[in-house]
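What Swiss-Prot says about this one:
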BINDING   Gly74, 77-78, Thr82, 84-87, 101-109, Ser113  5-phospho-alpha-D-ribose 1-diphosphate binding site
BINDING   Gly74, Asn104  anthranilate 1 binding site
BINDING   Ser86, Glu219  Mg(2+) 1 binding site
BINDING   Arg159  anthranilate 2 binding site
BINDING   Asp218, Glu219  Mg(2+) 2 binding site
Amino acid sequence: MKKIVFEKRDLSTEDSEAIANALMKGEIPEIQVSALLTSLAMKGESFEEIVGFARAMRNNAIKISYPEALDTAGTGGDGLGTINVSTITAIILSQLFPVAKHGNRSVSGKSGSADVLEALGYNINIAPELANKLIKENNFVFLFAQIYHPAMKNVANVRKTLGIRTIFNLLGPLTNPAGTRYQLIGLFSSKVMDIVAKAASLLDYKKVFIYHGEPGIDEISPYGYTTVYEITNGKIQQYRLHYSDFGLKRQIPIEKITATSANESAIKILRGVMGIDSDIRDFIGINVAVGLKLIGKAEDARDGFEYAMQLMESTIQHLRRIIESNGDIKKFDQLVRQVGKG
């Protein structure tokens, strides 16, 4: 720890993993944890440190084994309050590919993936033995971070007291308890893209897309350009996508795709997939399109967007089956009726 706190030097992957293991076992006093996390944030986390911490979090997680699945967990934290597009993207893609959606409560907007799924009627408190059953039944399961990463309770108080972004804000997407080897990762800042991409290239993934969109969202942007890092079997390729690459002929202002609560996010998501709100529909569509390319179901952005539009036609029925298996179907049906009337 002296290397970081006093000398501001990067830790090796091995040292980072050892320190993170000690943190999660509660072996380091809170005052030292606070100094460590603050020093890492001030110095800037290296990709070796992210790899080490991610491996420790994975080792300390309650695991389910479904490595050939996809996750769409982003970091959140962009502060712009967009609807939870990564969650509906996961649900739409699960019509074609198994998805183990790892998530938590809100970081950036008014609702995280856990919040919006609850608003739709889904039960987020899923034990590991049930998780395996659900993903086999419907190709989709939600893995609530608070259940599957119990060791994180040992740093929760310090993180809350500090009130700043720490290395743990980058780790959620890299620590899926199912060991998913396919991943869509939206980042809150373009400044961390290089280090997260390098870290992901060292973490046993088959294919990962990492992106950050204008004007500063952790999603594919309907407003301007999105920078994408595509990682395939450890090799990194970088490029940019513009909303026009998907076939969109208009810019969608960010205020058209935001929500102030989990319930509003859920309603707007349903309005999008039901074709009632074209701005939300297209925002969802471009994010699904990138996921379709990742899983090999689309050649390019435009092809993916067209396929995403087709998939949305069956999404309500698919989502209904998911909630019927694990949730409050009456709540969901009522919400769908409300949206349809409105």
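Cβ from N, Cα, C; glycine included.
Annotated features, which come from Swiss-Prot, shown on the structure.
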residue : record                                              : DSSP (3 states)
Gly74   : 5-phospho-alpha-D-ribose 1-diphosphate binding site : coil
Thr82   : 5-phospho-alpha-D-ribose 1-diphosphate binding site : strand
His102  : 5-phospho-alpha-D-ribose 1-diphosphate binding site : strand
Arg159  : anthranilate 2 binding site                         : helix
Asp218  : Mg(2+) 2 binding site                               : coil
Return only the integer: C-alpha distance in Å from Thr82 (5-phospho-alpha-D-ribose 1-diphosphate binding site) to the residue listed as 'anthranilate 2 binding site'.
24
Consider the binding-site residues Asn104, Arg159, Glu219 and say which one has the Cα lying nearest the Cα of Ser86 (5-phospho-alpha-D-ribose 1-diphosphate binding site).
Glu219
Of the binding-site residues Gly74, Asn104, Arg105, which sits closest to Asp218 (Mg(2+) 2 binding site) by Cα distance?
Gly74
The residue listed as 'anthranilate 2 binding site' and Arg105 (5-phospho-alpha-D-ribose 1-diphosphate binding site), Cα-Cα, nearest whole angstrom
15
Across all protein chains in the structure, which of the binding-site residues Thr82, Asn104 has the highest Cβ count within 10 Å?
Thr82
Rounded distance in angstrom between the Cα atoms of Glu219 (Mg(2+) 1 binding site) and Asn104 (anthranilate 1 binding site):
17
Do any residues at least six apart in sequence from His102 (5-phospho-alpha-D-ribose 1-diphosphate binding site), in the same chain, have a Cβ closer than 8 Å to its Cβ, and if so which, in order?
Asp71, Ala73, Leu143, Ala145, Tyr148, Gly172, Pro173, Thr175, Asn176, Pro177, Ala178, Thr180
CA pair Gly74 (5-phospho-alpha-D-ribose 1-diphosphate binding site) / Asn104 (anthranilate 1 binding site), Å rounded to integer, equals 10
Show which residues of the chain containing the residue listed as 'anthranilate 2 binding site', separated from it by at least 6 in sequence, have their CB under 8 Å from its CB.
Leu37, Thr166, Phe168
